[in-house]
Amino acid sequence: MKELLYMELAEVYHRLESTTKRLEKTEILAELLRSVDKELLPDVTILMLGRVFPIWSEEELGVGIKLLMKAISLVVGVSMDEIEDEIREQGDIGLASEKLFSRKTQTTFFSQPLTVEFVYSRLKALASASGDRAQSKKINILVEVLSQAKPLEARYITRTVLEELRVGVAEGIIRDAIARAFEVDPALVERAHMLTNDLGMVAAVAREEGEPGLGRLNLEPGRPVKPMLAQLASSIESAITELGRAFCETKYDGIRVQIHRCGDEVSIFTRRLENITAAVPEILEGVEEALPADDYIVEGEIIVTMDGRPASFQYILQRVRRKYDVDRLTREVPLSLFLFDVLYHRGPLIDEPLWHRREVLESILSEIPGRVEASRMVDVGPDNLDDALWLFKESIREGHEGIMIKDTEAPYIPGIRGKKMLKFKAEPETLDLIVVGGTYGRGKRAHLVGSYLLAVRDEKSGELKTIAHVATGLDDQTLQDLSERMENLKVERRGRKIRVKPEIILEVAYSEIVRSPEYESGYSLRFPVVKRIRDDLSPDDIDTLGRVISLFKQGFS
């Protein structure tokens, strides 16, 4: 296998970071992908996203900024305070590391140039470090890598460890680069990525097997895909008129899950592709009883019901977050599952129309009332519009969010928000935004982050762009919890201002979207209010600048 020096990769990162032009980034990446040895291609592709594992992998590096700073301190020979000062000065741990490493006087004897294979294997080893001495093991691994790093390499190694590469490359740019590098249809690359959620695999297949190989990639139980997403309907009547015929379903206020059976193993994934099987034993037991022993992928919503009504979304988060005391929580906060789609049963079904997929779901599901059921659904057309209106009113009366309105002829399109699936809610539309910073309070509230700086994702560049500050909608306990999380994610603090690794997602309601030069997005939200914390979403799931602009133009705001 032809070696690839990590410095060569770092220089590519630097070129990507130095341009804002999408086409230029695409060509830089295509050039790299063409030149990389086939054995390294999947790893390099994932590294270009600033990740070490595919998004659906259960493996995590488990390294926070404090642990990383400790390793830098040992390698460079400076204090933690000096590192914090440099991060504050540079505004980024990568740039701070580069500056500190450029002043390093110690040299590792007999050090060899870092290779991508070595760096990648040692970063993966971080996820395997466990037990009583896990933190020490992780520090030793980081020191082993960083002690051989040159300043530019240190910039990108440290950013990769925190999964915050900051070179303006998103999945769309990498898909385009794969298509250009190996001269294959971009639509085939996009579809292959939607069905595998593994750009490393897609790149390898595109190179070795071309378009025929990409066409053969398909759904596989055990490997989750991003869910099909819904647009907001302005009214039930207009949605039914546009679709002609639709399945209308109760919109449950819970956590959307994808359940996979592969052989004897059943896995339950959230919308952010996180495996929560161990946290929801009653759901696992229920689906094993209610569904056949065939391989399948089904989709549904997990909710909590208390006193006959849906309970707060936060109760569900409490369940799926906990790794301990699961038996007690299972008794105190019991869960129910409502299934509404099947993506795979004895073969992929996503290209089949919804009406057929629903028939398959109902044929394989043996409902267990109160535990595992099919979603409540009515078949609606222009002639029986009243049935949809009845379902909406009934769903709201029972404490649910509203209804889903789905085109009966639509295939399942993973990861796409389109007009084949619509939602109509009693409450105004909201945005899912990511926290990038905040401001601490004063006086008795000086220990709490009282105002949160929010951002959307620019889908063209992949960058986060600020759009609002929000300071209302959170009770004191939630503020305390969020402030502790912010401190753990801290990248920089200056006075009362804090900047954090973008990880916390808030669902925010607002009265209006307006143009504003104050924020990087060019837009702002009037009277924003936090509706809930969205720990069921990943940073890739947040709303985009394109959606904000669309809402602004349509006047939904």
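Cβ atoms here come from the backbone N, Cα and C positions, even for glycine.
Marked as ATP binding site by Swiss-Prot: GLU249, ARG256, ARG271, GLU301, PHE340, ARG417, LYS423. As annotated by Swiss-Prot, active site, N6-AMP-lysine intermediate applies to LYS251.
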Please report the number of other Cβ atoms within 10 Å of the Cβ of ARG271 (ATP binding site).
19
Output the one of LYS251, ARG417, LYS423 that, of all these recorded positions, has the highest number of other Cβ atoms within 10 Å of its Cβ.
LYS251
Measuring Cα to Cα, tell me the gap between ARG271 (ATP binding site) and the residue listed as 'active site, N6-AMP-lysine intermediate' in whole angstrom.
15
Calculate the distance in Å between the alpha carbons (Cα) of LYS423 (ATP binding site) and the residue listed as 'active site, N6-AMP-lysine intermediate', and round it to a whole number.
8
Below 8 Å Cβ to Cβ and six or more residues apart, same chain only. Which residues does that give for GLU301 (ATP binding site)?
TYR252, GLY254, ILE255, ARG256, VAL257, LEU337, PHE338, PHE340, SER375
